[in-house]
Amino acid sequence: MVLIRVLVNFLILQLSYAQKSSELVIGGDECNINEHRFLALLYSERFQCGGTLINEEWVLTAAHCDMRNMYIYLGVHNVSVQYDDEQRRYPKKKYFRLSSRNYNQWDKDIMLIRLNRPLRNSAHIAPLSLPSNPPSVGSVCRIMGWGTITSPQVTFPDVLHCANINIFDYEVCRAAYPELPATRRTLCAGILEGGKDSCNGDSGGPLICNGQFQGIAYWGADTCAQPREPGLYTKVFDYIDWIQSIIAGNTAVTCPP
């Protein structure tokens, strides 16, 4: 049994308070407040996800993060603190791969959101460019989110947390999860000995490798950060043509197959 990493029945104003801990994201540290200017917080009354600002009007996240009455916050670090340059938007339009909400747990878990109006760059808000190349196996990558810092029991922090993990060959994830198809549009990333991982509530957030936005968190084992059970991330590089075409106004584009 595995789970999609989105939190259900989450109330953003009722986050469980987490004592200061060395286990952040799971196994990381509090993020530097200046390292996540592109990070979006998506929420409604029932769900929480992350997202990535790729220009002043567009956010990229996971398709399973689609929710009614969604609000999108930029410039957030501690959810209990309102920052001077914090900005809130809502979706003007949502785009799914192959027009589809028919993504499955293995494939096409990507959603592009056009905001109702452009954001203003500020000290804590700025977009992150799409990748120029795919990541290499062995790359050290950064994950971040407001998801649970404990698993399987959940504890939701006020402050954003980050951790470093590694890109593995896709076959490492196929060995861990035999039901995975042979697709290569998914990145396999984690720590083989366990201890660091994205988890419930981190869905849709970025995987950043060598400063480039390479993946979107979407799937993992029921209990996070277990040995030899890496997480799965939508491979952003494989969807660049689709993303750029949508932004340019070609909403009928379908790529890759």
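Every residue number used here counts from 1 along the chain in the order it is shown.
Even glycines carry a Cβ here, placed using N, Cα and C.
Among the features that Swiss-Prot reports, signal peptide is placed at 1-18, with the record citing sequence analysis.
Mean predicted confidence for the domain 'Peptidase S1' (25-248): the pLDDT average there is 92. Residues or ranges marked as domain 'Peptidase S1' in Swiss-Prot (evidence: sequence analysis): 25-248.
The disulfide bond annotation in Swiss-Prot covers C31-C162 (among others).
If you look up Swiss-Prot, you'll see C49-C65 (among others) marked as disulfide bond. In three-state terms derived from DSSP, C49 (disulfide bond) belongs to an extended strand segment.
Here Swiss-Prot flags H64 (among others) as active site, charge relay system.
The N-linked glycosylation site annotation in Swiss-Prot covers N78. Applying an 8 A CB threshold to same-chain residues 6+ apart, the list for N78 (N-linked glycosylation site) reads D158, V159, L160.
In this structure, D109 (active site, charge relay system) belongs to neither helix nor strand by DSSP; it is coil. Per Swiss-Prot, the feature active site, charge relay system maps to D109 (among others).
According to Swiss-Prot, the feature disulfide bond maps to C141-C209 (among others). Taking the Cβ of C141 (disulfide bond) as reference, residues of its chain lying under 8 Å away and at least six apart in sequence are, in sequence order, P135, N164, I165, N166, I167, A189, L207, I208, C209, Q214, G215.
Residues annotated as disulfide bond in Swiss-Prot: C173-C188 (among others). Mapped onto three states, the DSSP output places C173 (disulfide bond) in helix.
In the shown protein chains, 29 other C-beta atoms lie within 10 A of the C-beta of C224 (disulfide bond). C224 (disulfide bond) carries neither a helix nor a strand DSSP state and counts as coil. Annotation comment: Swiss-Prot describes C199-C224 (among others) as disulfide bond, evidence class sequence analysis.
Using a 10 Å radius centred on the Cβ of S203 (active site, charge relay system) and all shown protein chains, the other Cβ atoms total 31. Per Swiss-Prot, the feature active site, charge relay system maps to S203 (among others); the stated evidence is similarity to another entry.
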Practice task
Return the member of C31, C49, D109, C173 nearest to C224 (disulfide bond) in space, with distance defined Cα to Cα and candidates limited to these recorded positions.
Solution key: C173
Completion exercise
If you count the other CB atoms within 10 A of the CB of C49 (disulfide bond), including all protein chains displayed, you should get 33
Handout entry: Cβ neighbour count (within 10 Å, all chains shown) around C65 (disulfide bond)
Key = 28
Fill in the blank from the handout: One finds that other Cβ atoms within 10 Å of the Cβ of C31 (disulfide bond) number exactly 20
